[in-house]
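In what follows, a single structure is set out as structure tokens and then discussed.
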């Protein structure tokens with residue numbers, strides 16, 4: 001019986017693509033034939049891992065697998081002893097493209113490889129390092145958390161944030177060099193790549209990876225800038241304005257393109273990811289776009305009805321309490337909730353009414369309550385219903401006895 005693909009990768013069925021990719025990378029490195037020569041068990045594990053990743057990394061295949069199991073992907077995923085390698089050249093390309101994506105953009109040329117394509121790892125060109133652009137290396141994304149009050153979330157807000165990040169070095173204008181000059185890298189001789197031959201289960205391979213000296217650029221700076229040590233970037237403080245729309249929820253995030261860390265030596269900047277964190281509120285509890293407020297009223301107010309000022313996210317409003325309002329009743333104040341994230345309009349404020357029970361009563365107050373207790377109107381209606389039900393069954397018993 002074929003193993004469950006999620007179990008093969010050691011992830012849950014709700015795992016994200018990043019979690020699946022991370023698990024695949026770890027296992028592929030662990031069981032790779034280069035690290036386990038002449039180990040048949042490792043070879044089989046390697047096949048299983050690739051087969052599982054081929055399916056779970058593809059949205060359509062994963063959906064069919066979740067719905068129908070192995071039968072749903074039988075035509076595209078490999079099966080039996082052939083493992084991941086019975087699926088043809090297209091499936092190989094998917095698998096090794098993922099290898100290329102995760103292992104730094106490396107590519108390999110095989111000698112005598114039986115798969116019908118030359119560049120198995122699909123690196124292409126001379127771009128060895130992932131994230132490398134025509135000028136420099138792309139900057140990394142920067143993630144920050146932004147705490148907001150419920151009032152700010154209800155209406156939307158613009159925040160000015162002061163953050164620390166990598167910025168372009170002003171001394172060298174981001175080139176990393178005092179003069180802006182560069183020279184060919186001596187490690188890779190300007191190619192941006194280093195090569196290493198190895199034998200695998202597929203035959204002779206030449207692994208081509210990014211040069212560790214120049215980061216895949218092929219050139220290094222001359223006369224390094226002393227302010228940034230030749231990187232073209234340095235730590236700095238910047239001010240960023242963030243416009244948060246109404247209706248965001250805890251965990252939502254906003255992506256500000258190009259506002260992340262600057263890229264070394266002229267590389268494109270990364271993105272700034274602002275993760276929303278909702279502060280707990282002293283008075284209100286959020287329920288989607290509605291807010292809930294607990295209101296304690298005296299027993300006479302519940303019985304007789306009243307008008308009372310109730311706090312909202314937008315200030316106090318007058319709320320009418322109808323006579324004979326029962327505890328735990330929910331009264332609605334339209335349009336006093338949170339603005340809709342997509343579309344116009346706002347949610348409502350729900351007021352949950354509870355009775356306030358005093359703890360300390362005077363002798364006179366106790367006597368008054370005792371007198372009220374004797375009246376029929378203050379008897380719970382459930383007791384009367386019980387008596388009526390008992391009377392009905394007694395009558396039924398009399399009829400059929």
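The backbone N, Cα and C atoms fix where each Cβ goes, and this holds for glycine too.
Listed features, source Swiss-Prot:
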- 4-69: domain 'J' (DOMAIN)
- 156-237: zinc finger (ZN_FING)
- 169-176: repeat 'CXXCXGXG motif' (REPEAT)
- 185-192: repeat 'CXXCXGXG motif' (REPEAT)
- 185, 188, 211, 214: Zn(2+) 2 binding site (BINDING)
- 211-218: repeat 'CXXCXGXG motif' (REPEAT)
- 225-232: repeat 'CXXCXGXG motif' (REPEAT)
- 377-401: region 'Disordered' (REGION)
- 385-401: compositional bias 'Basic and acidic residues' (COMPBIAS)
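Feature annotations (Swiss-Prot) mapped to structure.
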residue	record	CB count, 10 Å
185	Zn(2+) 2 binding site	20
188	Zn(2+) 2 binding site	22
211	Zn(2+) 2 binding site	21
214	Zn(2+) 2 binding site	25
How does the repeat 'CXXCXGXG motif' (211-218) divide up by DSSP, counting helix, then strand, then coil residues?
0 helix, 0 strand, 8 coil
Additional residues around Zn(2+) 2, ordered along the sequence, whose Cβ is within 8 Å of the centroid of 185, 188, 211, 214:
186, 187, 189, 190, 191, 192, 193, 194, 212, 213, 215, 216, 217, 218, 219, 220
I want to verify one value. Collapsing DSSP to three states, which class is residue 188 (Zn(2+) 2 binding site)?
coil
Given the cut-off of 8 Å on Cβ pairs that are 6 or more apart in sequence, determine whether the repeat 'CXXCXGXG motif' (185-192) and the repeat 'CXXCXGXG motif' (169-176) share at least 3 such pairs.
no
Counting only residues 6 or more past its boundaries, what in the same chain has a CB within less than 8 Å of a CB in the repeat 'CXXCXGXG motif' (169-176)?
136, 221, 224-228, 230-234, 262, 264-266
